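See structure below.
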Amino acid sequence: MVMKLPYLGSCLFLVFFSLVSIVASGSGKGLPILSFDEGYNQLFGDDNLVIHRDGKAVHLSLNERTGSGFVSQDLYLHGYFSASIKLPADYTAGVVVAFYMSNGDMFEKNHDEIDFEFLGNIRGKNWRIQTNIYGNGSTSAGREERYNLWFDPADDFHHYTILWTASHIIFYVDNIPIREFKRTAEMGGDFPSKPMSLYATIWDGSDWATNGGKYRVNYKYAPYVAEFSDLVLHGCAVDPIEFSSKRCDGTQSWEQLTTSITPSQRSKMDSFRRKHMTYSYCYDQTRYKVAPPECVINPREAERLKKFDPVTFGGGRRHHGKRHHHMRASRSEADSI
């Protein structure tokens, strides 16, 4: 059952109309950056969380003892959430860094979630990004997409953004939209619709993160340190008990926001997805004989993924000898992009 939230008054009025003119550039430029003490609390990790630059930067580390993480002090219903992140370098197989929204602590059986997950790799191979979306506890129908990047995210800081409205979700990397997820009537309650907190974590995902668990975290390279700065929480804070409006950001800054993707941005997004996307649930014919109703099939994306993995995305049968040959060729092609 989807919980119906009470009317949030002028706050949601502002959210609707203000998430109508910032992110024309996707940058969120001019939005207030909160210090750690103003907007966040430590989630876990004890001394593995270290605050720098008077609260403007946070380092999260993973060692043999524990990972670490932080969480926003408030719940939000829609908004613009971003951070500049620099990931650990060298051998990072099995390491997962996550920047995401969730209400799993409040709704254990029907939680919502919007994820950026960064998946570590062996030496010489770059990190990969995974995005995912859950609504109303629909974890069995994961909506994962995975991508390579056009840069090494361990070399410097790069900007990652989640824009969440009542009608769609957009993921940005360095102000370029990489994924747009639109709400459809057929989805029912599977679109995230309940207030969520913002989280950032680093943890050991050895069982699945790198080549399905083939390569695990090697703690001789620890500590693994993920650096966060320029943290933006720009939404309408919601009371965690009554789910009524608690605080809205000023109307002036809200009026800078937009929920649309410009033609220039859409061109960049299409180019990114053609060149760098390596997995999308919408095209996975081993999981779904018919694509889920919210999927919009792009023939060029479908053709590239079919070449990359003809079994998963082409609906073909697995012939081990032939499969090995094709995968070697397609992965070499992907690595050259």
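Heads up, the Cβ atoms here are built off N, Cα and C, so glycines get one too.
A quick note: this is a predicted structure, and the numbers were derived from the prediction, not measured.
Sequence annotations record features per position, and here TrEMBL assigns signal peptide to 1-28.
Per TrEMBL, the feature domain 'GH16' maps to 26-228.
Under 8 Å, Cβ to Cβ, and six or more positions away along its own chain, GLU113 (active site, nucleophile) finds TYR100, MET101, SER102, ASN103, GLY104, ASN132, ILE133, TYR134, PRO192, MET196. As annotated by TrEMBL, active site, nucleophile applies to GLU113.
Sequence annotations record features per position, and here TrEMBL assigns active site, proton donor to GLU117. Its own atom aside, the Cβ of GLU117 (active site, proton donor) has 19 Cβ atoms within 10 angstroms in the protein chains shown.
According to TrEMBL, the region 'Disordered' annotation covers 310-337.
Per TrEMBL, compositional bias 'Basic residues' is recorded for 316-329.
Mean pLDDT for the domain 'GH16' (26-228) in this predicted model: 94.
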